[in-house]
Amino acid sequence: MTLSRHDVSSAGAQAPDRLRTAGRMIALILPLLMILGPGPADVGASLIALLFLVHVVVDRDRVALQAWWFRLALVLWVFMLATAPFALASVSEAFGRAATFLRFPMLAAALGFWLLTEPKWRDRYMAVLLAIVLFSAVWALVEWYWVTRVVQSYSHPLRLTGPFDDRKVGIFLTKTMFPCLGFALAWAAAGSLRRLFPVGVGLLLVLLAIFLSGERSAFLLAGLGLLIMALIVPVPAIRRFMRYGLLVAVLGAAAGYLAFPASFDRQVGSTLGTLSRLSTTSYGLLWQSGVEVGELSPVVGAGGKNFRDVCPEIRSPNIKLQGADYSEYLEFCSTHPHNAYVEMFAEHGIIGLVIFLALIGGFVAACLPQRMDPVAVGAGLGILLILWPAVPHGSFFNNWNGVVFWSLVGLMVSRVALPRPSRAG
């Protein structure tokens with residue numbers, strides 16, 4: 001059987017569509033993979049990045065290279081590879097981290113410039129993400145009720161896990177709630193005031209779950225994010241809805257204080273007290289250790305994933321303070337310095353830190369044209385809160401943190417996909 005030229009060209013045209021459809025299917029389950037664990041999330045993100053790489057090679061698509069943030073991410077990747085041989089402790093660890101970092105900006109570019117460029121597909125992705133956020137919040141609330149009212153046996157202070165395998169449900173909700181809030185507010189603004197009620201209920205559930213999660217920085221960042229979003233969203237109808245959202249948050253905080261005074265004191269009072277003496281807390285000491293590790297090789301840093309090896313050589317890993325009625329461990333060393341900026345200086349030096357700051361500037365430049373889009377503004381706000389300087393951070397290069405962060409970047413730029421250059425022939 002002989003295929004006609006038309007049949008061959010049709011088959012060739014269908015291949016990119018099948019590739020894109022496969023990528024979109026994986027993208028739609030990516031929020032679910034996030035709650036299944038770091039491994040599944042990393043596998044899903046890596047598959048999306050790999051499919052995008054195949055698409056770029058086959059279709060000669062260079063649109064991502066027109067974005068400054070993507071170029072700067074590539075510069076950071078090349079710098080990490082080039083400086084890996086100079087790692088102070090483990091060259092293999094530095095090479096491993098450098099080589100695998102590329103999957104994160106590729107994930108963001110795939111979402112932003114290939115998979116979510118059509119409104120219906122971004123809306124589907126947002127619907128899945130919103131469902132996962134609400135599911136995680138409800139799980140956390142049920143968990144809190146179970147351990148405090150039914151089992152009545154738990155460690156103090158209480159830290160919830162939600163659907164995750166460790167205690168990060170609060171920070172996950174804080175990172176992802178704002179694009180979901182923008183999506184819900186756009187839906188509410190397109191209809192009547194009656195739509196505000198389910199949005200308010202959902203917001204209250206998420207805020208309550210963050211409050212009860214026991215994660216102090218997550219709760220304060222969520223409140224800060226609501227305030228910022230109410231101020232920066234330029235769409236009048238959505239700004240009006242955000243005022244109602246702030247009212248919900250204030251009323252929820254008041255109710256939380258009355259119903260859970262001990263939790264409120266930990267989440268607010270204790271956190272403010274910790275911030276006032278930050279330099280003497282474990283996080284402050286870890287930041288100091290990060291600076292000292294970076295000073296050993298200030299230009300290019302100690303090398304990727306080398307803080308954990310170098311720090312114990314120059315500082316005591318921890319000290320136990322024993323008082324009459326308390327005991328406290330102060331950590332000087334850990335797997336990372338718990339601050340993205342300190343981590344970048346410690347492991348990649350001044351040059352790496354400058355590239356990282358330029359990358360953040362690239363994110364800001366990408367977000368500005370999106371300021372009329374509440375979903376993009378919400379995603380940008382999630383990125384801002386993740387990178388907020390004066391709070392503890394997970395490792396910027398951790399696989400789960402990376403999937404959440406760079407998926408927000410992809411979501412933020414998904415409506416500013418740059419015009420594709422025309423190709424002759």
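Placement of Cβ uses the backbone N, Cα and C atoms for every residue, glycine included.
The average per-residue pLDDT of the prediction over the domain 'O-antigen ligase-related' (202-357) is 80, rounded to a whole number. Residues annotated as domain 'O-antigen ligase-related' in TrEMBL: 202-357.
According to TrEMBL, the feature transmembrane segment maps to 26-56 (among others).
As annotated by TrEMBL, transmembrane segment applies to 68-88 (among others).
Within its own chain, the transmembrane segment (94-116) is flanked in space by residues 20, 23-24, 27, 45-46, 48-49, 51-53, 55, 61, 63-64, 67, 70, 73-74, 76-77, 80-81, 83-85, 87, 122, 125, 303-306, 397, 402-403, 405-407, 409-414, 416-418, which lie at least six positions past its ends and keep a Cβ under 8 Å from the stretch. Feature annotation from TrEMBL assigns transmembrane segment to 94-116 (among others).
As annotated by TrEMBL, transmembrane segment applies to 128-147 (among others).
Positions annotated as transmembrane segment by TrEMBL: 169-189 (among others).
According to TrEMBL, the transmembrane segment annotation covers 196-212 (among others).
According to TrEMBL, the transmembrane segment annotation covers 218-237 (among others).
Under the heading transmembrane segment, TrEMBL lists 244-264 (among others).
Residues annotated as transmembrane segment in TrEMBL: 349-368 (among others).
The feature transmembrane segment is assigned by TrEMBL to 375-391 (among others).
What TrEMBL lists as transmembrane segment is 397-418 (among others). For the transmembrane segment (397-418), the list of distant contacts is 30, 33-34, 37-39, 41-42, 44-45, 63, 66-67, 69, 97, 101, 104-105, 107-113, 115-117, 119, 122, 125-126, 172, 175-176, 179, 304-305, 336, 343, 363, 366-367, 369-370, 373, 375-376, 379-380, 382-383, 386: same-chain residues at least six beyond its ends, Cβ to Cβ under 8 Å.
If you look at the transmembrane segment (128-147) against the transmembrane segment (375-391), you find fewer than three C-beta pairs under 8 angstroms, all six or more positions apart, and that falls short of contact. Sequence-distant contacts of the transmembrane segment (218-237) (same chain, at least 6 residues past either end, Cβ-Cβ under 8 Å): 170-171, 173-174, 177-178, 181-182, 189, 207, 210-211, 243, 245-246, 249, 253, 267-268, 271, 371-372, 374, 377-378, 381-382, 384-385, 388, 391.
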